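The Zn(2+) binding site feature in Swiss-Prot is assigned to 142, 146, 152.
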């Protein structure tokens, strides 16, 4: 089983206070559930040789990544700086992996960072008629796939990515929909 070193930046107190249930509050302020779920997701992706999982990820023992849960203004600032889009977005991924990156035995592999807008996730959860916790998991799974070199330049690639996200979310977590 892979070891995950998660740098977790929780949501602000006002975003946590607005959460509807304890499970969602936990996801917004604690790293534990994320560490367990990311570990399971990455292990499943490493085992599935039919997907896009870089060889360096398949063979490493330990990796690190970050999750930051932000407000719309903060993610809009990042979106403007990195994508020249002056609006909030649901999730941004900042991948650290480069293709054919050499790996030293025993060295921790840095995947990158996933940044999620909690208010945007909340709006999308309402639109999709499911809970905020599920939407947060959906967005983090999407960000994780981007960190692992997945992309969606066309409809077929997007469909494959969305199907993989559904698979990851279906792996089992005690989530209220």
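Keep in mind that glycine also has a Cβ here, set from the backbone N, Cα and C atoms.
Everything Swiss-Prot records as a feature, shown here on the structure.
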residue : record              : Cβ within 10 Å
142     : Zn(2+) binding site : 21
146     : Zn(2+) binding site : 20
152     : Zn(2+) binding site : 15
Shell of the Zn(2+) site beyond 142, 146, 152, same chain only (C-beta within 8 angstroms of their C-beta centre) = 91, 93, 143, 145, 150, 151, 161
